[in-house]
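Engineer: Following this message is one structure expressed as C-alpha cells.
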Amino acid sequence: MSGDDDWWTSSNEAVLVSLVTPTDAGVKTLDTFHPEYTNNVFGEKEQIFGYKGLRINLQYNASDMLPNLKVSWKKKYQPTADEEALDINEVLSEFLPEVAFQKQSDFETRLKSLPKNWTPPGTLVNSFNNKHGDFEVYSGKITDPAVKQLLNRVQILVPFFVDGGTPIDLEDPDAERWTLYFLYNKREFAYHFAGYCTLYKYYPLQVPTETESKTPTDTPSFSLDGDFDLDNLPCRTRISQFIIIPPFQQKGLGSRLYSIIYQQYLKHEPTIELTVEDPNEAFDDMRDLADLAFLSKQPEFQALKIDTSIEIPDEGKAPNNIVDQEAWETCRKKFKIVPRQFARVLEMYLMSQLPASVRPGLDIPQDEEEEDTGRSKGKGKEKALPKPTAEDEHMYRLWMMLVKRRLYVHNRDALGQLELKERREELAKVFAGVEFDYARLLIKAEQQGKLAAADAASETEKEPPATPSAANGKRKLDEVEQAEEAAGASSKKARVESGSD
Ligand SMILES: CC(=O)SCCNC(=O)CCNC(=O)[C@H](O)C(C)(C)COP(=O)(O)OP(=O)(O)OC[C@H]1O[C@@H](n2cnc3c(N)ncnc32)[C@H](O)[C@@H]1OP(=O)(O)O
C-alpha cells in the first residue's frame with residue numbers, strides 16, 4: 001500500500017446509480033442515488049484505490065432496467081511493482097451482466113429500439129393507484145427467461161441496499177423454486193421499475209428454522225399418486241430479498257407490495273406459511289405494521305382476548321392459557337404467519353386493547369427494578385389518564401405475563417445461565433424494550449392508517465384473478481439483541497432467537 005490517502009475514494013460516494021430514459025438527443029436522467037453499502041462489492045472498508053476524481057455511473061434504462069456502466073476519473077495511479085489501481089470493470093463484472101459493459105452509443109441505440117408497447121416480464125397480478133401514481137405488480141418464475149434477465153440486471157441492488165445482502169445464484173439447479181414480484185410505476189408512455197421481491201419455496205421435509213412450526217401436524221398430508229406436480233407440494237414460502245429503490249421509498253409502496261404478496265400466498269393453497277429471511281429493522285417495521293393492519297380487521301383475530309378470569313400465581317410459572325391456545329393456533333395457521341411473528345402482532349394488538357389507564361406509551365422507562373411489582377413505567381400521558389382500577393391492573397399484569405412467557409421461552413438458553421434474581425432483571429429489561437417498541441409501532445400504525453386513508457381517497461384498486469405463479473443488519477429494540485446484550489453478548493451465549501424466519 002502506498003499510504004497516500006489521496007488515491008483512495010469512498011466507493012459509496014463514487015458509485016452513482018442513474019435512472020435514464022431515451023430522448024432524441026441521447027438519454028435524459030430521471031433520478032440518481034448512491035448505494036447505502038458497497039462492502040460486499042468493493043471490500044469491507046468501502047474504499048477504492050488508484051484514482052482521483054473517480055465516478056462510477058451505473059445507468060439503468062428506467063423501464064427494462066438495461067444497465068450501462070460509465071467509469072471515469074481525473075487521474076489514475078501509475079502501476080508499480082507492489083500496487084495498481086483497482087480494475088473496476090473486473091470487480092463489477094461479477095455483479096452485472098455483460099451487456100452493462102457495452103459502449104454508451106450502443107446502449108442508447110438499444111434504448112431507442114425498445115418497443116413502445118413494452119410491458120414488464122411475468123404476469124400482472126395487481127394494480128393500484130394512489131397520489132404517487134399508477135402502479136402494477138408483475139410476478140413470474142426465475143425459469144422465465146425475461147424474469148431471469150430482469151433479475152440479473154437489478155441484482156446488484158441487493159449488495160447496494162441490503163446490509164450483507166448477496167445476489168441469487170442464477171445457475172442454482174433449484175432455480176424453479178424462485179418466484180419474483182416486480183413493482184412498476186405505470187406512466188403514460190412507459191413503465192418505470194420501482195422495486196422487487198424474491199421468494200423461495202421450501203418443502204416440508206426440510207428442517208424448519210427456529211421460528212417456523214416444527215410439529216409434523218403443521219404439514220398437510222399429500223400424496224405422490226397420479227400426475228404429480230411439484231407446484232402442488234405443500235411448502236413454506238420465504239421472502240428472501242425485498243427492495244424498493246430510493247426514488248419510490250417512503251410512499252407506502254413497500255407496505256403495499258408486501259401486502260399484495262402476502263394476500264397472494266394466503267390464496268396459494270400449497271403455502272402453509274409465509275416466512276421472511278433475515279429481515280432488517282426497516283423491513284420488520286413494515287411487516288409488523290402491515291400484518292397488524294390486516295389481522296386486526298379479521299374477526300378470528302379480534303376474538304383472541306386476554307382471559308381476565310385467570311388468577312395470577314404468587315410464585316412459579318406464568319399461566320399458559322392467558323389467551324386461548326387452540327383458537328390462537330387455528331388463527332395463526334389460517335393466516336399462515338410464523339409463530340413468533342404471530343405472537344408479536346397479537347401481543348401488540350392486545351396491548352392496543354388495554355384500558356387507557358394502563359396502556360403503555362412512549363415514556364422512557366425510569367426504573368427497571370419496578371416491573372415485577374406491577375405495571376411498567378413505560379406508560380405515557382399518565383397525568384391525563386384515569387387512575388387504573390384493580391381490574392385494569394390485573395389485565396395489564398396478564399398481558400405482561402403473556403409477553404414475558406414468550407420472551408422467556410425464546411431466550412431460555414441465555415437466561416438459563418443466569419442466577420434467578422439476575423434472570424428476572426434481564427427478562428424485565430428485555431420486556432421493557434419490547435413494550436417500548438410496541439408502543440412505538442402502535443403510534444406508527446395510527447399515523448400510517450391516516451396516510452393510507454389519504455392515499456385511498458384518490459385510489460381505485462383492481463386485482464386481476466391471479467394466483468402466484470407457482471405455486472441482512474437487523475432489529476433495533478428487538479428481544480434478540482436485548483437478550484444478547486443482557487446476557488453479555490459473549491461468544492459462549494447461544495444466539496437466543498433467530499432474526500430470520
Ligand atoms: C427480507 C429483506 O429483504 S430485508 C431488507 C429490506 N430491504 C432494504 O432494506 C433495502 C432498502 N430499503 C428498501 O427497499 C425500503 O426502504 C423498504 C423495503 C425497507 C421499505 O419500503 P418503503 O416503500 O420505503 O416502505 P413504506 O413507504 O411502506 O414505509 C416506509 C415509511 O413510509 C411511511 N408510509 C407508510 N405508508 C405511507 C404512505 N401511504 N404515504 C407516505 N408514507 C407512508 C411508513 O410509515 C414508514 O415510515 P418510517 O420511515 O417512519 O418507518
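Heads up, the Cβ atoms here are built off N, Cα and C, so glycines get one too.
Sharing the record's features from TrEMBL:
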- 7-163: domain 'Histone acetyl transferase HAT1 N-terminal' (DOMAIN)
- W178: site 'Interaction with histone H4 N-terminus' (SITE)
- F242, I243, I244, Q249, Q250, K251, G252, L253, G254, S255, N280: acetyl-CoA binding site (BINDING)
- E277: active site, proton donor/acceptor (ACT_SITE)
- 360-389: region 'Disordered' (REGION)
- 373-389: compositional bias 'Basic and acidic residues' (COMPBIAS)
- 452-501: region 'Disordered' (REGION)
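Let's see these features in context: how buried, what's close, how far.
Structural biologist: In the three-state DSSP scheme, W178 (site 'Interaction with histone H4 N-terminus') falls into the strand class. Around W178 (site 'Interaction with histone H4 N-terminus'), a 10 Å sphere centred on its CB holds 23 further CB atoms from the protein chains shown.
Taking the Cβ of Q250 (acetyl-CoA binding site) as reference, no residue of its chain lies under 8 Å away while being at least six apart in sequence.
DSSP assigns E277 (active site, proton donor/acceptor) to coil in the three-state reduction, outside any helix or strand.
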Engineer: Would you please pick out, from the binding-site residues G252, G254, the one with the fewest other Cβ atoms within 10 Å of its Cβ?
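Structural biologist: Looking at the binding-site residues G252, G254, the Cβ with the fewest others within 10 Å is that of G252.
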Engineer: Where does the mean pLDDT land for the domain 'Histone acetyl transferase HAT1 N-terminal' (7-163)?
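Structural biologist: When the pLDDT values over the domain 'Histone acetyl transferase HAT1 N-terminal' (7-163) are averaged, the result is 96.
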Engineer: Where does G254 (acetyl-CoA binding site) sit in DSSP terms: helix, strand, or coil?
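Structural biologist: Assignment for G254 (acetyl-CoA binding site) reads helix.
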Engineer: Should we count any of the recorded positions W178, Q250, G252, G254, N280 as near ligand 1, judged by a CB under 6 A from one of its atoms, and which?
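Structural biologist: Only Q250, G252, G254, N280 meet the Cβ criterion.
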Engineer: Going by Cα-Cα distance, which of the recorded positions (W178, F242, I244, G252, G254) sits nearest to E277 (active site, proton donor/acceptor)?
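Structural biologist: Spatially nearest to E277 (active site, proton donor/acceptor) by Cα position is F242.
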